[in-house]
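These notes are about the structure you will find just below.
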Amino acid sequence: MSKASQLNDKQLEAMKYTQGPLLVLAGAGSGKTSVITRKIAYLVQQCGIPAHRITAMTFTNKAAREMKERVGKLLGKEEGKGLSVSTFHTFGLNLLRIELKNTPLKNNFSILDADDCKRILMDLMHRDNLSGAESKELIAKAMKKISDWKNDLIVPEQAHTTCETPEDVQFAHLYQLYERNLRAYNAVDFDDLIVMPTRLLQDNAEVRDRWQNRVRYLLVDEYQDTNTAQYILVKLLVGVMGQFTAVGDDDQSIYAWRGAKPENMALLKEDFRNLKVIKLEQNYRSTSRILKAANHVIENNPHIFDKKLWSDKGHGEVIRIITCRNDDDESERVVKDLLTHKLMNGKNWKDYAVLYRGNFQARVLETQLRQMQIPYKLSGGQSFFGRAEIKDVMSYLRIIINPEDDSAFLRIINTPKRAIGPVTLEKLGLFAQENHLSLLAAASDQRLTMVMPKKATTQLAEFAGFINDFTRELLDDDEPVPKIRQMMNDAGYIDYLRETAATPAQEKTKIDNVEMLYTSIQSLINRAEDVDEKNIESVIRKMVLLDMLEQQQEDEDTDKVNLLTLHASKGLEFPFVYIMGLEEELLPHKNSIAAETIEEERRLMYVGITRAQQGLTLTLAEQRKNGGQMKQMTPSRFLDELPQDELDWLGRKKKLAENVDPKQQAQQYLQNLKALLKR
DNA sequence: CACGGGACTCTTTTT
DNA sequence: GAGTCCCGTG
């Protein structure tokens, strides 16, 4: 990324072009974030567009955060007031809140995450007895299908017209039930945050005018990752004026499998006849050798827009390819190579990244790194909000701001254990349905004694009472966080964490996580700009979308080797990069070979290569463990697509003595190195 | 309801 | 081979 405040000619052109729709084809490392942030400043300072009339959209919170920070440095506090830089989802959420009366939603609606939605679908399938509990796979399929329908803006009533298999017909039916369910809970899923605003703008001219007027200029980052609903949302927001800049790179589209439509890039050209296209091809990140490799590989893909990266950073180091005996050997080599390189060149751990196709590949690597006592940071895995304890606490909070949130109710009713089992819940659910009550309301209903044993009703009533008491106390409390802490203690939840933890270490992490959640609720309250954002309801609703804790964690001790999937590496850069597992059926992955989506795998390879600034090392194993069995592997076709004269193939060295304790071996290796360095 | 054995799978993931 | 999930038994 170009840190210098000086933009090159192309970047300047992209910044200054404001006459109409603009597509910036920004190759990897071409300084696109600089262009976007500088353009925002330009629009405000040179074009006289007030900041509150400018909206910038990104895909991740992290990207939004970074952008805000960088714009903040360019604009004065007054100048930047009201600027909207957010993810698509957060933008959608705000729009829904502002336009609440024009939506089917009531105040304080809940946002359900994938897990909640899964539960609902499972429940619906059970209740409807749709070929029952072949669950897991079927549920996942149904979720995917429903999400696809939503993102293509197909309403439940239309869904059956698109069905191709009997299974689809079932899913279409399920989709209807699911939507009805969400509305009954006064809840939305993540897709709704895009789809509902889009529909609203489509159907309601008054609302559309209001928003088109508000959004005078729109900037969209990572445009190649938009899905249909997102693109239509963009079109509706910019209207016929088409005052927008979309920044993207079709070669870095690696999310088609979750609904992204890279075709949207070509579509832009059709939908806006006067679209201006500017290419950013100068790369400020990598040596020209690395870029040559990247260009070489990606040339094998068909292209809508041609683009070739170049840089003036010199040829740089040769690209190394290491063939290893098996996966264990591969990890060992990478780790030793990295360690040697680090010590010899006086680099930091954080200067290195190891990239791989699947998370499972990190496991061997981890053991290896631990033996060598190398600090590492594993990204991916489950996110903060995916952790059970966080979801539990969030569910307590959710039911407080939205008593109709049955999904939250189900999550916490028996966490910690309150002797309320599936049978009781089944009856409660039935009763609630018949009387059109939420589960929480039903739990304290007097008439329950008629349908279930007394003992169960007392338990339910007690729980409902507990929640209701805290709801009252919390909502008119100026200092909600201590109250929340008290609630979780009184609920016995903290004790429950202590009792159920497998190890003392796990207990500590879990309790720390919960404490971090409290802290971040507090900081969200402190940071809120207006009174409206300060109230606990809005804070909690926002929490579902945020990942600020992950950021806090990252900020702490950062000198660590980075371990990440190729997907997770997009947008990042490292001086020295290793890419592991360059084998057929792994990269490209076998499912992609079967589905003939090699192009996306190739882009993945391209993304990986372009992460490297100075050094790039690719590794492959001759054999790999696969389900307990050793499997013979074939070198990846992508290796053939590299410029062969820039490569240094390293065969495998003689294996160190067999049957040596790996820990001892690691120690030995370290000592040798230290001795070497002392000289 | 909790525990444990057997079956099953093993690409990528944000909001 | 290991981790997870489902279901049956105590």
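Cβ from N, Cα, C; glycine included.
Any TrEMBL annotation is an automated prediction that lacks curation.
Binding of ATP is attributed by TrEMBL to A:ALA26, A:GLY27, A:ALA28, A:GLY29, A:SER30, A:GLY31, A:LYS32, A:THR33, and the same site annotation extends, among A:ARG273, A:ARG285, A:ARG289, to A:ARG285.
Binding of ATP is attributed in the record to A:ALA26, A:GLY27, A:ALA28, A:GLY29, A:SER30, A:GLY31, A:LYS32, A:THR33, A:ARG285, and the widest Cα separation among these residues amounts to 13 Å.
All protein chains included, A:ARG285 (ATP binding site) registers 24 other Cβ atoms within 10 Å of its own Cβ. When Cβ atoms from all protein chains are considered, those within 10 Å of A:LYS32 (ATP binding site) total 23, not counting its own. Cβ environment of A:ALA28 (ATP binding site): A:ASP249, A:ASP251, A:GLN252, A:ASN283, A:ARG285, A:ALA294, A:LEU309, A:TYR606, A:VAL607, A:THR610 lie under 8 Å away, each six or more residues apart in the same chain. Model confidence over the domain 'UvrD-like helicase ATP-binding' (A:5-287) stands at 90, taken as the mean pLDDT rounded to a whole number.
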